[in-house]
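Annotated DNA-binding region per TrEMBL: 48-116, 153-217, in sequence order. Look at TrEMBL and you will find 48-116, 153-217 tagged as domain 'HMG box'. Under the heading region 'Disordered', TrEMBL lists 237-276. Among the features that TrEMBL reports, compositional bias 'Basic residues' is placed at 237-250.
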Amino acid sequence: MMAPFSLMSVGVNLLVKSLGLFSTASVVRCSCVAPVLKRFSTTTGGPPKRPLTAYMTYVKEMHPTISRQNPGVKNVDIVRKLAQQWKMLTPEQKQPFQDASLTSKEHYKLAVEKYKAQLTPAQTAALATEKRQKVAKRKAIRRKKELNSLGKPKRPRSVFNIFMSEHFEEAKGNNIQTKMKSLRDDWERFSATQKQMYLQLAEDDKVRYKNEIKSWEEHMIEIGREDLVRRKERRAIKAKATKDRKKKSKVTVLKAKAPKKETETAVKKTVKSTKK
């Protein structure tokens, strides 16, 4: 992130009175200096960093003072307190920070244009590729969170994964890499008989996943989330649902016809008895 921008002393004094963050003696005056932009050249290689939002400008400006006034308090607690105080500010109290953020955005746009102008075609293409990769990564993260919230079953574990989870703590080594190497070596030394138990567990986990994913995908179709169902399974589930509906409608029709036949039989019996 860019360095925090200095705010007008009027804005700070307003916050001092409204929030009681500082004593009169401990007020740190801020100059009215415009935000200083970093100079970018072909030697730096990096694009301009995004500007701070109004809230982040407030946090950056106030965090040092709050830290000095509350020694020993964890950083996360200080940030939480600042977040609560930001919500309590009036629009007028937030205005200096919003002005600083707006100025930052304008300078950022100019810096980006200047940075792009000095790039070679190859560098421009590389940046575009990097941007696509970042977007794809964010989409994948959001999709994973969504699937977890919808309760999608976990995929079946591999044979080695099951073995590793059972023996990781007792494996030799002081870090993950050495432990993993030790576990691989142990697995390679196992006989076919020793591996059989883990093979069976892996097969059982496949069955578990197959049953759970089938039920989950059927439920996804029911709630209108066909986009989360595998294409092949989507067709199979739809075909089964259509077949079940046809079967159900056929049974309904047969039930509806049954009383009619019984009525006709009763009428015929009545007519015969009348003739007699």
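For all residues, glycine too, the Cβ spot is worked out from N, Cα and C.
Unlike curated records, TrEMBL annotations are generated automatically.
Remark: secondary structure over the domain 'HMG box' (48-116) totals 56 helix, 0 strand, 13 coil, with classes taken from DSSP. Mean pLDDT of the predicted structure over the DNA-binding region (48-116): 94.
Across the domain 'HMG box' (153-217), the DSSP tally of helix, strand and coil residues reads 49 helix, 0 strand, 16 coil.
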